[in-house]
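J.: Residues or ranges marked as NAD(+) binding site in Swiss-Prot: 11-42. Positions annotated as substrate binding site by Swiss-Prot: Ser137. The active site, proton acceptor feature in Swiss-Prot is assigned to Tyr161; the stated evidence is similarity to another entry.
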Amino acid sequence: MVSSRMASGETILVTGGAGFIGSHTVVQLLKQGFHVSIIDNLYNSVIDAVHRVRLLVGPLLSSNLHFHHGDLRNIHDLDILFSKTKFDAVIHFAGLKGVGESVLNPSNYYDNNLVATINLFQVMSKFNCKKLVISSSATVYGQPDQIPCVEDSNLHAMNPYGRSKLFVEEVARDIQRAEAEWRIILLRYFNPVGAHESGQIGEDPRGLPNNLMPYIQQVAVARLPELNIYGHDYPTKDGTAIRDYIHVMDLADGHIAALRKLFTTDNIGCTAYNLGTGRGTSVLEMVAAFEKASGKKIPIKMCPRRPGDATAVYASTEKAEKELGWKAKYGVEEMCRDQWKWASNNPWGYQGKH
C-alpha cells in the first residue's frame, strides 16, 4: 500500500489537474502534505472540479493549491509558471483521450499529446526540474502479444491516440538516455472508472462519452437512451470485449507511490509501470454490476466491432506491487457504487443541465 508518511512540503506541478484522473490525484496529493499547482486549459474539463477539490480537502489544505489557466502547447505559459514557482516534480496528465476521435483528427492528438509534452520537457530542463511522472496508457500495447500485459512486451499501438502516447514514451526514454539526471516514471493506465467516494468529483466528459462507464452512467440518468456495445462476437465467455477496469482512487494513489519512488531512487532512469487490477471484466459483466449498484436497468444495443479494438486486455501488476509498493484495492462493486454516487448527485455533470 502507499505510505501514509506525510510529504515534507514538496511542490508538485500537475498538468491537466482539473480533469478526471488529475482532480482525484490532486485531492490525494494535498491530503499527503504536498503543495500543488495545476495548469489546465479547461478544454475537456471545468474549473468547478477545482472548486470541488477545495471543498473536499478543506480550507487549510486548500491554501496549498494554486490554479493556472494555461496551455502546454504555448511554451510561454510554462515559462511564466516555472519562473514564478520552483517545482520539485511534475505529474503530467494533460492531453486528449479518445480512440475514435483520434482516428478522425490525428493532428489534434499529436499536437495536444506530443508537442505539448516536448514543450514541457524543454521548460523543465531549462529550470532544472527533472523528476516527472507521465500519464501513459495501456493502448501502447495495441493487440497485446500476451495476456496479462507485462511492461517489457512489444509495443504496437493501433490508433493515433495510442501512438501519441507511445511517441511520448519514446521521447521520454530518449531524453533520459541523453541526460542521465532525469528520473521519469511512465504509468500505463488500463481503464479508469469510479469516482471519489463523496460523489463530489468524477468524470464529466464533454459531448458523447468515449468510454464505457460514463456512457453507462448517462444512460442510467436518462441523458442517453441506450448503451451501444461494440462487438458481441468476440471469443470471450459472453461475446463482449474484456478490459481491466481500475478505480480512479487506486490510480491516484498509484501516482503518489510513483512520486515517492522518484524522490527516493537515484538511478530509476525512465521506467514504465502498469496500473490495473490484473483482472479482466467483460462489457456485459460491467453493465450488470452497474445495474446492481444503481438499481437501474440499462437498455443495450449490440453494434458491430470497432476497428482496432482488442479482444482482451488486462494488466500484469507484479512490477508496480514489487517496486512501487502499490496494489489496487477496489473491486468492480466499489467502482460501480462510487460511479453511481457521482452520477446520481450530478446527473448532468459539474455544471448542471444547460
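Every residue gets a Cβ built from N, Cα and C, even glycine.
Small disclaimer: the values here were computed from a predicted structure and weren't measured.
Describe each of these features in terms of where it is and what it packs against.
T.: Within 10 Å of the Cβ of Lys31 (NAD(+) binding site) there are 16 other Cβ atoms, across all protein chains. Following the DSSP three-state reduction, the secondary structure of Lys31 (NAD(+) binding site) is helix.
In the three-state DSSP scheme, Ser137 (substrate binding site) is classed as strand.
Under the DSSP three-state reduction, Tyr161 (active site, proton acceptor) is assigned to helix. With a cut-off of 8 Å between CB atoms and residues at least 6 apart in sequence, the same chain places Leu96, Lys97, Gly98, Val99, Glu101, Ser102, Tyr109, Asn113, Ser137, Thr139 near Tyr161 (active site, proton acceptor), listed in sequence order.
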J.: Across all protein chains in the structure, which of the binding-site residues Thr11, Thr15, Ser23, Ser137 has the highest Cβ count within 10 Å?
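T.: Of the binding-site residues Thr11, Thr15, Ser23, Ser137, the most buried by Cβ count within 10 Å is Ser23.
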J.: Give the number of CB atoms, excluding that of His35 (NAD(+) binding site) itself, located within 10 Å of its CB.
T.: 19
